[in-house]
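Structure, as structure tokens:
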Amino acid sequence: MSNPFAFRSAQVTFWTTVVYLALLVPLVVINEGVPPVQPDGSLFLDRGLNLTEAWLDLGHITERFHHQNSRENDVVRDYLRLRIEQIIAANDAEARTTVFNDLTSNVTYLAWGSAVPTHYQGNNLYVYIRGKDDDQGEWWHNARAGKLIGKGGVLVNAHFDSVSTAYGATDDGMGTVTVLQMIRYFTKPGNQPQRGIVALLNNAEEPGLLGAAAFGKSPLLPFIHTFLNLEGAGAGSRCVLFRSTDREVTSAFSNVQSPFGSVVGSDGFKMGLVRSGTDYSVWHDIYGQRGLDLAFYRPRALYHTNQDDTKHTSRESLWQMMAASTTTLINLSADTGSDYIGDRPDGDRSKAPNGSPSDGVWFDLFGSTFVLFGLRGMFAWSLTVLIVGPLTLFGMMYLVHKQGKGYAFHTKLRATSDSSSEDGDDEDGEVIRLGGWKGFFRFPFALIVAGALVTGAALLLRKMNPFIIYSSEYAVWAMMISLFYFGFWLIMRGSSYTRPSALHRLYVHIWLFILGWVALVFATVLEDRMRIASGYIFVFWESQVFLATLVAVCELFSLPRKIDFARGAAEEAEVRDHLEAVPHSDAVIAPSLEEATSPQRAGQSSNSPQEDDEDDVPDEETPLFRKAGRGNKLDTSFLRRGYRRSVSAIMDSNNEAEDGPKRKQPFEGEQAWSGPMVTSTWILQFLLLGPFMVILGGQVGLLLTSAVNQTGVDGSSLLAPYLMIAALSAILLMPLSPFIHRVTKHVPLFLLAVAFATLIYSLVAFPFSPRAPYKTFFRQTVDLDTGDTQVHLAGVEQYLRKIIADVPSALGQEIACDASSSRRDLVDCTYDAAQVPPIPTYGSGKKSFDLPPGVSPGPAYYGKLLTVTVVNTTAKIATQGSKTARLKIDAVDTRVVELRFSKEGPPIRSFRVVGADSWDDRFGAFPDDGARVLRLWRRDWESSFVVDITWKVDGGNTRGLEGRAVALWSDANDAVNTMPAFREVVRYAPAWATVSKAAPGLVEGSKAFKV
């Protein structure tokens, strides 16, 4: 019966194909799907969570756009406040909770990510749920800066505002209703946390993490040591552990129902590869808290668009976030040890005294198991593999050499009847070819060829159809994997066919070990110097390659000693030479070993043995020598050696060969000495190399692809995603490389057809669709002095012009497209919007802004929307070399105003809103070179901004300030009347396109001012 694990073509093809399919298919299914509501989820449902209630809440808060600068935002806030009160009352938890309706906090600071000096007036909602170990009463009134309050609390946070162009179901409606459910769960009798929990619903995250900055003024801030931030950067799908500060807090997430995530995402933020941010950045970077970012992350094409609604998410997605949040908060609040208490390693007393964290490494397996361990442990592991691995393999190779079985890296030796010489000093010895180097350089050559194929494909797609990955990422994956597989197989199989080598597997393993060792060196340096843990893939890989290579080296022990093989080879050569030189020598010369082990004895025919025997008997007419010809010359070297064997010895040898076990023959032309070599160990090597690496590489590859495949429209690199998939395809197929030369042609030829089909598709298919729409960024500007208005669409010019071509008000216009000032590698296309002017006050009930039917707004209307009054100026030239002016700014139906100062004038050195708190240094000092933009946010809709600004004045230069005041309008709920240009673009854009905001304000109205 044939060995099912033999190193033969059929078996290798079958097992490698089955294993890859059995792993890759589930990985894709898990990446695309969302876990169902687990039956054991009823434990949470019975104890406090209510999925139906959460889904209804989500529908209520996402009925309309609710940007912070919209009236609907107030409606959502009022609804959330009511729901909090209802939940607390239903659980009879008034005595265990305190609701904070923040209408007083304000912060003046350097806004995160923009370096723009900003004033913001907060209106967050948050609930303190008292823990069993917390102090009684309203202890926060007596809290002092730097004082440890109890054992530290836990923050769970989500923002309830949306962007101006989205309903915010995923960003961040599901996080918001999850916070409501956390309040419901932990206020239910029997669920009181051990340490207190602060449930925060913050406002104005979208314009720049403003709500998190305002929370810095909360009396509860010193109490919070850890946090769970809930976010959404897609539209439904799975929620992923976006990032985490350390191993200890990550352990609180490790036993959730359906864990999903990798430390690779966290390292992407740490290295600055991800340019966007969440409230996590404020909690950790500014306040020093330790925690996690749990977020939805795909599909990004629907992010910040009107398709971020309940239609494009699911109850399963919501349940996954609710269940994961509950488990994580239970674990964080139940930790009463010293993990989150103690002095900080950086000694910063302005931040939470939450102990010394340790870096971690984490990843999930098939979305069901979570692996977590320390980075320092992995560093020690990495060093061990780097040092012990090569030493062990060198030691084993030395033992093989000492055993006389070192065929690898030896091409020949000279053999005599009693000795073998590898140095060739015995000139009388016969040269025995070993073929030791045969096949050594196949792997790097095949890797270069296959790598060139996928790199060329990446460059071709970048040039011909750069956005195809936007909607067809799996076609790109299929093309890259198929191309690399076929290219690599073609070289390896072709080389093996023309020059078979029994050392092929060993040499490929050696190359894999060398490449893995180099990669591990870089990964280890990153672990030690930058605390980057993403190299865990290479740590596992090199460990697996080391073991597989060790097996390959051990296989050499099954070979005969080189000296024995050389003697046998020399004897067979001598016998063969003598048979050709001496007449009828087969009657007196022993047969070769091959002849002895065959069913037909030398000189005996299977058809007529008696007749053959008679023909072989010499008589007086038999010539002494055969006729001259090839092989009939007497081998004088053979005679010189004087080698003779008796007839009895010949017969004994024949009998032994016939009665004993058959000698294993080399595989299809491989080296003659390789017959006894153990080869069935290949399946062990493949299992060491393949499955775990495919799981790790596949999961990371799919996660990264989902994260970056739709970022090109934002101005990110168009080539990087293709090169990433090309590299990951090579990594995924590396476990197959030692065995691919035994794969039959059927799989590679099928994959060649797949590669050809997907390449053609990727080159000619239109890259966008209603399910993966192209995203353009809208902004309308109005000169409030003249009434001139323009629409600016940011994006890729090729597609912008197609979109604008269908916009009625832009027909017949010459469209100007220039490099975007705010988005890298994109353009701003501009057209006149006089036919669709904005009317921000439409429906506001303000009679002074009513327009007669059919009358378009002009300078008289726009001039009343924003006023800037210089209250006074004060010169301090003699003492400080500066001037100060007080400005009063009024804007209609907006909460936000910007002051943009001319570049020709002096920059602003400081500013302060009258009645507000002073500058908050936690976010950074006021820019040393001054500022030319100030941004002001108010809590209500009517109050005036009164601002003191200071600028430097040179000795003889007393020039004043010039600039433009800009009012931002963001409420698109009645866009057909208030923002008809925006409504027009949304309505007439092709089905394959969608519209998002380009800035916090959809409409920017500016007016000149001078001080």
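Any Cβ shown, glycine's included, is placed from N, Cα and C.
With respect to the membrane, Gln136 and Val743 are recorded by Swiss-Prot on different sides. Swiss-Prot names Asp171, His304 for binding Zn(2+) 2. Of Glu138, Glu206, Glu316, the residue it gives for the same site is Glu206. Under the criterion of 3 or more C-beta pairs below 8 Å, with sequence separation of 6 or more, the transmembrane segment (720-740) and the transmembrane segment (683-703) qualify as touching. Of all Cβ atoms in the shown protein chains, 24 besides its own fall within 10 Å of the Cβ of Tyr303 (site 'Transition state stabilizer'). Excluding the listed site residues Asp171, Glu206, His304, the same chain places Ser162, Val163, Ala166, Gly168, Asp172, Gly232, Tyr303, Asp308 with Cβ atoms within 8 Å of the centre of the Zn(2+) 2 site Cβ atoms.
Between the transmembrane segment (537-557) and the transmembrane segment (379-399) there are at least 3 Cβ pairs closer than 8 Å, counting only pairs 6 or more residues apart in sequence, which means the two stretches are in contact. The glycosylation sites under consideration are Asn106, Asn709. Their Cβ neighbour counts within 10 Å are lowest for Asn106. Under DSSP, residues within the topological domain 'Cytoplasmic' (741-747) fall into helix, strand and coil as 4 helix, 0 strand, 3 coil. Of the Cβ pairs linking the transmembrane segment (472-492) with the transmembrane segment (506-526) and spaced 6 or more residues apart, fewer than 3 are under 8 Å, so the two regions do not touch. Its Cβ taken as reference, His304 (Zn(2+) 2 binding site) is surrounded by 23 other Cβ atoms within 10 Å in the chains shown. Taking the glycosylation sites Asn50, Asn331, Asn872 in turn, the residue surrounded by the fewest other Cβ atoms inside 10 Å of its Cβ turns out to be Asn872.
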